Amino acid sequence: LVFFINLNLTIWSYRRMHSKDGVIFEGECHEVSRVNSALHLVINLLGTLLLASSNYCMQCLSAPTRRDIDRSHSKKRWLDIGVPSIRNLGYINKGRVVIWALLALSSLPLHLFYNSMVYSSAPSYDYSAFSVSETFVDRDLDFNNTCDDAAKCNAVRALQEKARTGDLDRLENGDCIAQYATLLQSFHRNLLVIVDSTTGSDDDPLGTLAPLLNIDNTDPYSWICSGNFDDMADWRGKGLSCISQVDELKTRPKTWHVHGRSVQYCLSESAPPTCKLHVVAQIGLLVTILNFVKVLLILYAVFGFDEEPLITMGDAVVSFMEKEDPTTRDLCLVAMGDAKSQAFPVSTGPMVWKRTQHRWIEATTKARCIATFTMFFVAILLVSYLLNMGLRAIKNDSSTNTSLHTLAQMGFGTWDPRTVIRWQLNTIMLNILAANAPQIILSLIYFGYNAFFTYMLLGREWASYAHERKGLRVSQPSGGAQRSTYFLQLPYRFSMPLLLLSGTLHWLVSQSIFLVVIEFFEAGFTGEKMSYQVSCGFSPIAIISVIVLAVSMVLAGIGFGFVAYKPGINLAGSCSAAMSAACQSVDKGQGDELGVVRMELKWGVTAASSDGEVGHCAFSSGEVTFPENGKKY
């Protein structure tokens, strides 16, 4: 399904690229931002489905067969059952390992490029500002002998004509400073600064006060501060800029001076804030090809191998009850902790039952817990550090208050002149890689977090058989009380929220750092595009949302980890040896001649211990009781 959606999107984007230069939507910037966010939501939904399907197939591929388990147990080694496992790869069919690796590798470029298939561009207008008196509008201009720049003279004449016809917007001093004290100008163009003719000595109306704007200009609106400080030369010598001083000027707009003249008001030429939404057909083609490769790999994984792997805990119980494992004979109380020591099996005889209440987190391994939460903590700390750097840059470069309210006003997932990253990555491809690198890290975190919950919920289902009689949940039910599997080992009430969390995080990250393309337009009245600049932008409020959600996921994982299992059965985790031991029948070598595996089963004492005798615990369709503390089984 995802492949056909991507294929159709790619075909459509190629048609669009040839007909409209890849522009799929053009309009007001806030509208483009909404459409862009919606499309990225769809992209991340499709990406999450691809990630989940790959994870599903990779878990199936890493599941051991009974033959793999018997071979490993004979060498005193155990394998994982019911969970995603890298350690199993050294003991299973090498063909399945190759498919597993190809599925993993095909995900890398997907996460690097998918979110940049669609990106937005915004305009930035160069402009000229002219200081003129109020009589300028009605004065006849004669530049025949004084004009040394025809373009400037024509611009002044055009502005004068627009002022006469009322086509310029009047901005009071405070509004004029606020609208033009910006790193990138997307809403206004050329400007008449109306000054008091009684101040200053220079009546020349041709004062070009604004340089070409670009995202690398460290002081793009210095003209605003000209004439407002006692010694401009000393001011610049101290490394100060208008950016750091403009807040003070905003508090006293009536005292604003430009080149020694007192400003009365401004007449501004408005510019259409037209943003564009682009589609990169080449990325769509790459994504579609990789998607098709995944489809082929998954089909080969399903139909290319004749083996029957033990994918779920139920599969393992069926296998061990139908065919006894001699390596765990008489060890019905072996737990995952016992089998993980070097000497496997750790005992050659009966064991004493100790009633112990385990917590969910004990069903996983210390290495798994450390790896999962270390990735989370490192990612959260790194993102917090980068956010702090970004906020400091915003404050230093534009004197912007970085309160939560101000950050929210900058937009969610939208570019702002103050949040454009200034670095030397000047090609689209390098910026795409930079913007999407966090998606790879996030995918690794998802795999770890998903596996963490899979371990815990596997233990939950295992423990439930000591308290509830029910059919086994297997990958291929053969009738009777057997039930079909969930999304592998995860119940839907956990797997669906985990998928939703993954998709939401991927989307939030795509809205936190993203490709920014700025189109620069000349100051003249033709509005011709001069150049464009590529960088990455960041959205502080989206980054904060990522941090909040990530911290919530960590707290949720820790919280679920401290939930207690009901006591009554030893904790097997994903350990094949512990599962095998719990399935040993009291009748050696009997197997499952009566088809018990298709009945409702419960684990407990099947042969009670009496004085001098040893009891036995196993899965049974008959009546069982809880093991008694201090007795041998």
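Cβ atoms here come from the backbone N, Cα and C positions, even for glycine.
What TrEMBL says about a protein is an automatic prediction, not a curated fact.
Here's what TrEMBL has on this protein:
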- 1-137: domain 'DUF6536' (DOMAIN)
- 279-303: transmembrane segment (TRANSMEM)
- 369-387: transmembrane segment (TRANSMEM)
- 440-458: transmembrane segment (TRANSMEM)
- 498-521: transmembrane segment (TRANSMEM)
- 541-565: transmembrane segment (TRANSMEM)
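Within its own chain, the transmembrane segment (541-565) is flanked in space by residues 357-361, 363, 369, 372-373, 376-377, 379-380, 383-384, 386-387, 390, 404, 407-408, 410-413, 449, 452-453, 456, 459-460, 463, 501, 504-505, 508-509, 511-513, 571, which lie at least six positions past its ends and keep a Cβ under 8 Å from the stretch. Averaged over the domain 'DUF6536' (1-137), the predicted model has a pLDDT of 82. Note on the domain 'DUF6536' (1-137): DSSP counts are 92 helix, 20 strand, 25 coil.
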